[in-house]
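> Grabbed the feature section from Swiss-Prot, which reads as follows:
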- 4-34: FAD binding site (BINDING)
- Cys308: S-8alpha-FAD cysteine (MOD_RES)
Amino acid sequence: MKYDLIIIGSGSVGAAAGYYATRAGLNVLMTDAHMPPHQHGSHHGDTRLIRHAYGEGEKYVPLVLRAQMLWDELSRHNEDDPIFVRSGVINLGPADSAFLANVAHSAEQWQLNVEKLDAQGIMARWPEIRVPDNYIGLFETDSGFLRSELAIKTWIQLAKEAGCAQLFNCPVTAIRHDDDGVTIETADGEYQAKKAIVCAGTWVKDLLPELPVQPVRKVFAWYQADGRYSVKNKFPAFTGELPNGDQYYGFPAENDALKIGKHNGGQIIHSADERVPFAEVVSDGSEAFPFLRNVLPGIGCCLYGAACTYDNSPDEDFIIDTLPAHDNTLLITGLSGHGFKFASVLGEIAADFAQDKKSDFDLTPFRLSRFQ
């Protein structure tokens, strides 16, 4: 059988692509080296932020607004346990923060619902938060967080119900191109398709070693909290920048545990074996202490944590482009630790590519050629 589309990597983007392409009527094969959702990539740990006024640059705003529409649609499949939780997101940092300047600019350009607070206003609204006098907060009322593993599980189930073929726990070992399309090699045999999507995450260079993607080991952890820090008490998800430039992100507490991670830093790695479990690097359990001690002093000790991996591009912007010399293969990689919120729209973009539809978005900033 020759498929319309083969998806290599069925984590966040691949799961979405499988669903949207199958829903569009294509004959699709989803593949993954493991059984998604799983612990081997970048999507585990239960939750991911979604921010609309984007500190990484306004070029992302049209994408994230469409992503939000798709997340809302997906959430309707899980109304008892919604995939998207509109907790709000408070972005904290010094008044001269470049990141916060980008958030404010994005909000102004796209007329987003963002409220600016000074230090006293932040602490009055959320007494659990402490910030210096020179800090400001930009509160995104309509943003919140996503249940990442539930989302992937839902997409995979919906795709399967729609007739999508799924080959999991079976790594793709090679990709070949010829006049007939794309062929992948696996331990289960060879499979052919007219087109392919490569969204293999951290280890995409195992298949395409020439790509400018650097795996980085990262950790996040859960710390002892209480009901004051919960969504029920209107405690928001957050990003926070310390005076030294270190950037953190976190979520409202659930079951008396508040999850937090540090966005910058981490350990450069070159193989999956180098991504050692949480606590095997001496700094893992204390990485969030500078932020917690200064901004959330009521949070207690580290309860547990996990390691994941970023697939960083050189400029930490996404790579969304066809494979050089092979216009029938789309790369979506280099998501650099801020990609999950876009998984829905990136999956839709992949499905459009498979149908020869022109994208509704300007993807020029994400081309591979910018690194030449």
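In case you wondered, yes, glycine gets a Cβ from its N, Cα and C as well.
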> Enter the number of other CB atoms within 10 angstroms of the CB of Asp4 (FAD binding site).
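Asp4 (FAD binding site) is surrounded by 18 other Cβ atoms within 10 Å.
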> For the C-alpha pair, I'd like the distance in angstrom between Val28 (FAD binding site) and Cys308 (S-8alpha-FAD cysteine), rounded off.
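Answer for this pair: 28 Å between alpha carbons.
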> Mind checking which of Ile8, Ala16, Ala24, Val28, Cys308 has the fewest other CB atoms within 10 A of its CB? They're the recorded positions.
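Output over recorded positions Ile8, Ala16, Ala24, Val28, Cys308: least Cβ neighbours within 10 Å is Ala24.
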> With Cβ-Cβ distance below 8 Å and at least 6 positions apart along the chain, what are the contacts of Ser12 (FAD binding site)? List them in sequence order.
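Same-chain residues close to Ser12 (FAD binding site) (Cβ under 8 Å, separated by 6 or more) are Ser42, His43, Ser148, Ala151, Ile152, Gly339, Phe340, Ala343.
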> So if I measure Cβ to Cβ from Asp32 (FAD binding site) and keep only same-chain residues at least 6 apart in sequence, which ones fall under 8 Å?
Gly9, Ser10, Gly11, Gly14, His38, Leu167, Phe168, Asn169, Cys170
> Any idea what the Cα distance is from Ile8 (FAD binding site) over to Cys308 (S-8alpha-FAD cysteine), rounded to a whole Å?
19
> If one measures from the C-alpha of Ala16 (FAD binding site) to the C-alpha of Cys308 (S-8alpha-FAD cysteine), what distance in angstrom results, rounded to a whole number?
20
